[in-house]
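Enquirer: Okay, these came from TrEMBL:
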| type | residues | note |
| --- | --- | --- |
| DOMAIN | 8-308 | domain 'Plant heme peroxidase family profile' |
| DISULFID | 18-98 | disulfide bond |
| SITE | 45 | site 'Transition state stabilizer' |
| ACT_SITE | 49 | active site, proton acceptor |
| DISULFID | 51-56 | disulfide bond |
| DISULFID | 104-304 | disulfide bond |
| BINDING | 146 | substrate binding site |
| BINDING | 176 | heme b binding site |
| BINDING | 177, 229, 231, 236 | Ca(2+) 2 binding site |
| DISULFID | 183-215 | disulfide bond |
């Protein structure tokens, strides 16, 4: 891990070698989201899952091989991460215009930005020049990826180990302004919170009733979907207003209002959508710089699912 490697990233990295790159990514994203509105959330999440586990090196895209069990099928990702075909389509387009030039890691980073922009969120310049990792580790996912049911201090520790801070935890959690969660990720809040046999007492009662109808107490409902915020196809600050009114979906979301340090930030974002948009863009740049490979490290994959 090179914490200062991003000094080798450059906003103009592909200006000569692949001038159409951002246009190709944007068009593909527009088409993918028109076809499936959930895709914006899915690609934002995939980029986070890539970066927070051994850095933004495109390793989340690698299929398992005889040499390694990768990230794609690790428990938090299996039957959960989606949108791999969108990245593959972009890569195929980019290879036609600029063969062996643009990394899958950069494509995923740009795709996350376009996803947010197309959902009504901010735009930010993305420094480029990441290279692709040549291996991936299932074990790294279970060790490094934050879980929705672990305490805030553990989640924060996972962020700080990557050079991110408590503010980034609050801001990037706001990515849950988009998308859905499967019932199994929050079900214990509805029926048996912390082994009490009762629901989470902090969860608003009408939200509880609504979620119980979406996620009845039987295993067959585990993969049912519930919206992460009340406007889950639009990038806005409703995630934070929901937290203030105790209608956050995941334990890790609602925990942000229980800690005084993070609660103050939640309150200011719930009151000021522009502040949130601004800070989100800044945290996304930081996230996109975590553990990047540059220069002669790594490779430029021809196909995102496999090492050259």
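Quick reminder: no glycine exception, Cβ is built from N, Cα and C everywhere.
Distances, neighbours, how buried they are, the whole picture for these features please.
Expert: The 10 Å shell around the Cβ of residue 98 (disulfide bond) contains 16 further Cβ atoms across the protein chains shown.
In this view, residue 45 (site 'Transition state stabilizer') is surrounded by 21 other Cβ atoms within 10 Å of its Cβ, with every protein chain counted.
Taking all protein chains in view, 22 other C-beta atoms sit within 10 angstroms of the C-beta of residue 49 (active site, proton acceptor).
Shown in sequence order, 162, 287, 288, 290, 291 are the residues of the chain, 6+ apart in sequence, with a C-beta less than 8 angstroms from the C-beta of residue 51 (disulfide bond).
Residue 104 (disulfide bond) counts 30 other C-beta atoms within 10 Å of its own C-beta, drawing on all protein chains shown.
Around residue 176 (heme b binding site), a 10 Å sphere centred on its CB holds 26 further CB atoms from the protein chains shown.
Its Cβ placed at the centre, residue 229 (Ca(2+) 2 binding site) has 24 other Cβ atoms within 10 Å.
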Enquirer: To see if you understand the setup: which same-chain residues, six or more apart in sequence, place their Cβ under 8 Å from that of residue 146 (substrate binding site)?
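Expert: 52, 154, 155, 158, 159, 252 - these are the non-local Cβ neighbours of residue 146 (substrate binding site), listed in sequence order.
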Enquirer: Beyond the listed site residues 177, 229, 231, 236, identify every same-chain residue whose Cβ lies within 8 Å of the center of their Cβ atoms for the Ca(2+) 2 site.
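Expert: Going along the sequence, the neighbours come out as 178, 230, 232, 234, 235, 237, 238, 239, 242.
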Enquirer: Within a 10 Å radius of its Cβ, which of these binding-site residues (177, 231) has the fewest neighbouring Cβ atoms?
Expert: 231
Enquirer: At the level of the C-alpha atoms, what whole-angstrom distance separates residue 183 (disulfide bond) and residue 98 (disulfide bond)?
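Expert: One finds 42 Å between the Cα atoms of these residues.
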Enquirer: Among all chains shown, work out which of the disulfide-bonded residues 18, 56, 183, 215, 304 has the most CB atoms within 10 A of its CB.
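Expert: Comparing the disulfide-bonded residues 18, 56, 183, 215, 304, the most crowded Cβ belongs to 56.
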